Ligand SMILES: Cc1cc2nc3c(=O)[nH]c(=O)nc-3n(C[C@H](O)[C@H](O)[C@H](O)COP(=O)(O)O)c2cc1C
Ligand SMILES: CC(C)CC(=O)C(=O)O
């Protein structure tokens, strides 16, 4: 078994068709933001405390009233059947085994009901939604997620137009291969592949208000980077935000998420949970994000690498690596639990 997420990626790269690997690994345009998400973590240094004696560490976290055993969620990524024939079913099993929250992509290649079945009662599923230009489609998706037992709606707000991923253009990778579909849209918006998911350039706070009036599920906004938008989010009654630049796949040269996090956390001031995704590859990254104001983080690509390498066991291994590394980093920072991870534990590296 690989010893790190980096090793998982290397193995997955060997196993996946080159165009699928590029689709997953790649980012928009010059991939500046893709690289920055990871390298910005590398520019931060931990400043550990000692002699505080945490014999064991508690990694549990409660988010929107749901308990998870670790502060690492599965970020929504589309098309898991590109990585493994059973796709999202296996991801759900691994999430349930780890006690992690899984955010299911609206573009999953297994239907949300089947994912919920595979994960079982104990799995907390959140459903990721792209508001569709046709409100009837949006509403039908919300109802479907509610019926399947999803416990929160994660509304992605950074895909008002599709980012230009040049690797996909070079590879001619524009649609799902024969036999794979966005199963959540089946019966709602026809039967084709990725093209079924439409962007909504006119997306605005009115859509968020309308969604709040449509569902009792807590709403989490994903893809927000600016502190003023975070303040707006609190004002519009959302239950949480995920600081995200879509893993560098949308607006290239957008700030790294870990650099954007402190101002968002300060603006939100504890009123709702702030999560982060983008470039989290080590437990030390998790601890840095917690120190800078995140309640938890989410990982996207690492889950797909795990799935490609060893199915559910691979995803479990990825999550357990992150759990072990986070536990070790907490211990070495003198923290017994997530609340003890404070701002003073992180500094920018000297140039
Ligand atoms: C292959 C792939 C598919 C993705 N699909 C979605 C999606 O359907 N919905 C969404 O909100 N974000 C999607 N994302 C973005 C992720 O949710 C997340 O923001 C990003 O992957 C985090 O960065 P990381 O991969 O460095 O962990 C996708 C990312 C990847 C790599
Ligand atoms: C279906 C796509 C829009 C999925 C996505 O968000 C991505 O590839 O980044």
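Positions of Cβ are set from backbone N, Cα and C atoms, glycine also.
For 246, the entry in TrEMBL reads active site, proton acceptor. Taking Cβ-Cβ distances under 8 Å and a sequence gap of 6 or more within the same chain, the neighbours of residue 246 (active site, proton acceptor) are 156, 158, 159, 163, 223.
Feature annotation from TrEMBL assigns FMN binding site to 76-78, 105, 128, 130, 156, 222, 244, 277-281, 300-301. Cβ neighbour count for residue 156 (FMN binding site): 24 (other Cβ atoms within 10 Å of its Cβ, all protein chains included).
Here TrEMBL flags 165, 246, 249 as glyoxylate binding site. Sequence-distant contacts of residue 249 (glyoxylate binding site), defined by Cβ-Cβ distance under 8 angstroms and a gap of at least six in the same chain, are 26, 27, 28, 34, 163, 165. Secondary structure at residue 249 (glyoxylate binding site), as computed by DSSP, is coil.
According to TrEMBL, the domain 'FMN hydroxy acid dehydrogenase' annotation covers 1-351. Per-residue confidence over the domain 'FMN hydroxy acid dehydrogenase' (1-351) averages 96 (mean pLDDT, predicted model).
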**Prompt:** If you check the binding-site residues 78, 249, 280 one by one, which have a CB less than 6 Å away from any atom of ligand 2?
**Reply:** 78, 249
**Prompt:** Listed glyoxylate-binding residues 165, 246, 249 - what's their greatest C-alpha to C-alpha distance in Å?
**Reply:** 12
**Request:** Filter the recorded positions 165, 246, 278 down to those with CB closer than 6 A to an atom of ligand 1; keep them in sequence order.
**Result:** 246, 278
**Complete:** If you tally other C-beta atoms within 10 angstroms for each of the binding-site residues 78, 280, the top scorer is 280
